[in-house]
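Here's what Swiss-Prot has on this protein:
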type	residues	note
BINDING	ASN89, THR139, LYS143, ARG261, HIS293, SER345	substrate binding site
ACT_SITE	LYS141	active site, proton acceptor
BINDING	LYS167, ASP169, GLU170	Mg(2+) binding site
MOD_RES	LYS167	N6-carboxylysine
ACT_SITE	HIS260	active site, proton acceptor
SITE	LYS300	site 'Transition state stabilizer'
Amino acid sequence: DILAAFRVTPQPGVPPEEAGAAVAAESSTGTWTTVWTDGLTSLDRYKGRCYHIDAVPGEENQYICYVAYPLDLFEEGSVTNMFTSIVGNVSGFKALRALRLEDLRIPPAYVKTFQGPPHGIQVERDKLNKYGRPLLGCTIKPKLGLSAKNYGRAVYECLRGGLDFTKDDENVNSQPFMRWRDRFLFCAEALYKAQAETGEIKGHYLNATAGNCDEMIKRAVFARELGVPIVMHDYLTGGFTANTTLSNYCRDNGLLLHIHRAMHAVIDRQKNHGMHFRVLAKALRMSGGDHIHSGTVVGKLEGGRNITLGFVDLLRDDFIEKDRTRGIYFTQDWVSLPGVLPVASGGIHVWHMPALVEIFGDDSVLQFGGGTLGHPWGNAPGAVANRVVLEACVQARNEGRDLAREGXDIXREATKWSPELAAACEVWKEITFTFEEVDKLDY
């Protein structure tokens, strides 16, 4: 069975048992009345069952309801169908004040019907020939308004300075100021020029997201013809059907696939309604993507450390034990489905590097947009600063130093041989994002 953990807030006067049963019925075989066609099938074989209910500590009228769904309710290899069944209609139920899908357990038999990420972590490292450290990226800013030529110039400067990747922002598609074909051409030119000068393999996430699947695939085909290593998709606004289509194309044609989670907070930010990001992360691993944005813990976006590390493990590891202290409600076995690299991006700069390396480890992408392009000396020095402090942190960690405790000292020591890093450290020494988390663990 597929197991689901729902956070249920019933309307006043509705007992939790009734609310849980209603959720199970509405998201499987039930409707609001008995119908004569019920007798034409075996409802016991197909209906969802609410098998356990826990009260949420500290909340007066919230419950975690566990529901089991028989596998025959779902089309093989379709995240679209899975979500249509489990959360397609039930969240608007009048008997519920709010409903949030906290977690899913996907059984191995169903996991095996998905191809998952186009390539996975190890294959990506082999393609890039980069090992033993996190990968470095940068989102080109301003996100909208640059001409294709100026955009390509910024890409070149960042890659030449030492970054592994640069990135289209999520809302860069094909606007009047920069049509997609022009952007692809100038970025490919920048990428090859930077590769020739540095001797390293470089990439730029060319956003193939479009208004329809045919146009999306046309853009991916053009990227492949240019010989670039990676394309990008906004998987929530684009939809799971489009995402799986693009993932299959990338797998067949040797392209890596970077995934942006634009629109996720509309779905996952409220604590009592919607769907937690760990569910969206699991769905992405099934649908297909080699990278996905996961929050930073230390930057400008919402996400506590334990919760974030919980779904980072769900993205990367093959077997993840149940651990409510990290928000993981079920043990998940991915039966060797390739892993996804988490991307830490959003309001991070050189002073965050020790914490990011300590939190995310080597199998991650650390992406500094303003933290590269905001350098007072320019884009290339910003990239140099990030590469120097990253390599200093990795070396210090490998020597046995404690990044959490000695991180600031490690960065200061590295400034002695990098004036670019010294300038970056001075500019961002007082920039912090300290706000209370909205989504906290109950346990």
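Note that Cβ sites are derived from N, Cα and C of the backbone, with glycine treated the same way.
Note that the structure is a prediction, hence the values are computed from the model and not measured.
Between the CA atoms of SER345 (substrate binding site) and GLU170 (Mg(2+) binding site) there is a gap of 12 Å. Taken over all pairs of the listed substrate-binding residues (ASN89, THR139, LYS143, ARG261, HIS293, SER345), the Cα spread reaches a maximum of 36 Å, rounded to the nearest whole number.
Using a 10 angstroms CA-CA radius around ASP169 (Mg(2+) binding site), the recorded positions that qualify from ASN89, LYS141, LYS143, ARG261, HIS293 are LYS141, LYS143. In the shown protein chains, 11 other C-beta atoms lie within 10 A of the C-beta of ASN89 (substrate binding site). The Mg(2+) site, placed at the center of the C-beta atoms of LYS167, ASP169, GLU170, has further neighbours from the same chain whose C-beta lies within 8 angstroms: THR139, ILE140, LYS143, ASP168, ASN171, VAL172, TYR205, ASN207, MET232, HIS260. When Cβ neighbours within 10 Å are tallied across all protein chains shown, the highest count among the binding-site residues ASP169, GLU170 belongs to GLU170. The 10 Å shell around the Cβ of ARG261 (substrate binding site) contains 23 further Cβ atoms across the protein chains shown.
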